[in-house]
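Swiss-Prot annotations:
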- 24-44: transmembrane segment (TRANSMEM)
- 84-104: transmembrane segment (TRANSMEM)
- 129-149: transmembrane segment (TRANSMEM)
- 165-185: transmembrane segment (TRANSMEM)
- 194-214: transmembrane segment (TRANSMEM)
- 228-248: transmembrane segment (TRANSMEM)
Amino acid sequence: MAGTTAEYISHHLSFLASGDGFWAVHLDTLFFSLLAGVIFLFVFSRVAKNATSGVPGKLQCFVEIVIGWVDGLVKDNFHGPRNVIAPLALTIFCWVFIMNAIDLVPVDFLPQLANMFGIHYLRAVPTADISATLGMSICVFFLILFYTVKSKGFGGLVKEYTLHPFNHWVFIPVNFILETVTLLAKPISLAFRLFGNMYAGELIFILIAVMYMADNFALQALGIPLHLVWAIFHILVITLQAFIFMMLTIVYLSIAYNKADH
């Protein structure tokens with residue numbers, strides 16, 4: 001483990017990467033993203049397999065509440081077939097929430113555990129990696145295009161980006177620039193909002209952990225209540241960020257699907 005404060009922080013902000021530069025693959029992000037997905041699938045498949053028509057267990061009740069809540073949000077905001085959008089929204093919320101929740105694990109626990117197996121760098125929160133949030137947002141971007149074409153056709157898509165908001169051929173270049181910027185802003189804002197909040201949360205946990213390294217006992221003792229308070233507040237943050245990512249995805253797809261009505 002790193003010695004000085006600067007080395008400690010730098011160590012915790014370094015990825016387990018394969019390759020260099022733009023083409024570097026963050027293996028820790030991939031691993032924990034897949035792990036979060038496996039946890040989600042395991043819990044929900046187990047509940048589905050053990051579902052009963054009688055008195056349900058606590059886990060089944062919780063899962064049914066979450067499913068009903070997400071389905072209600074989709075029903076209120078997406079005015080079209082929900083057979084794909086509702087499961088997509090549920091997957092996004094649960095997957096992002098689980099990835100966010102990894103941030104609640106003490107900052108030194110997983111890196112030290114990995115160090116025992118010869119892995120010297122490890123960042124366990126996938127959503128604190130811009131490559132992960134951009135990857136999810138790019139998927140949403142292509143879904144926006146898909147639902148726009150599905151509702152209006154390819155010709156309608158071209159018309160939307162050339163004759164809106166100014167319905168005259170003279171303004172085609174202006175319309176195209178305005179609509180393209182608006183379209184690209186959606187996935188970019190999705191990615192950076194989630195990344196920014198989770199990166200900041202991870203960094204605050206690291207800075208609080210630095211207090212335990214101080215020579216002053218009072219400063220070390222102060223780190224305990226600060227850690228507890230921030231962890232409790234962070235539960236709200238990780239839930240809210242998962243909700244926002246899911247909700248904006250629903251809204252963006254709803255706008256794309258219902259453009260024909262505008």
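Backbone N, Cα and C define each Cβ position, glycine as well.
Among residues of the same chain six or more beyond the transmembrane segment (194-214), those with a C-beta under 8 A of the stretch's C-beta atoms are 5, 8-9, 12-13, 96, 100, 103, 106-108, 123, 125, 127-130, 132-134, 220, 222-223, 226-227, 230-231, 234, 237-238, 241, 244-245. Remote same-chain residues near the transmembrane segment (165-185) are listed as 141, 144 (criterion: CB distance under 8 Å, separation of at least six residues from the stretch ends).
Among residues of the same chain six or more beyond the transmembrane segment (228-248), those with a C-beta under 8 A of the stretch's C-beta atoms are 70, 73, 77, 89, 92-94, 96-97, 100-101, 103-104, 127, 136, 186, 190, 193-194, 197-198, 201, 204-205, 208.
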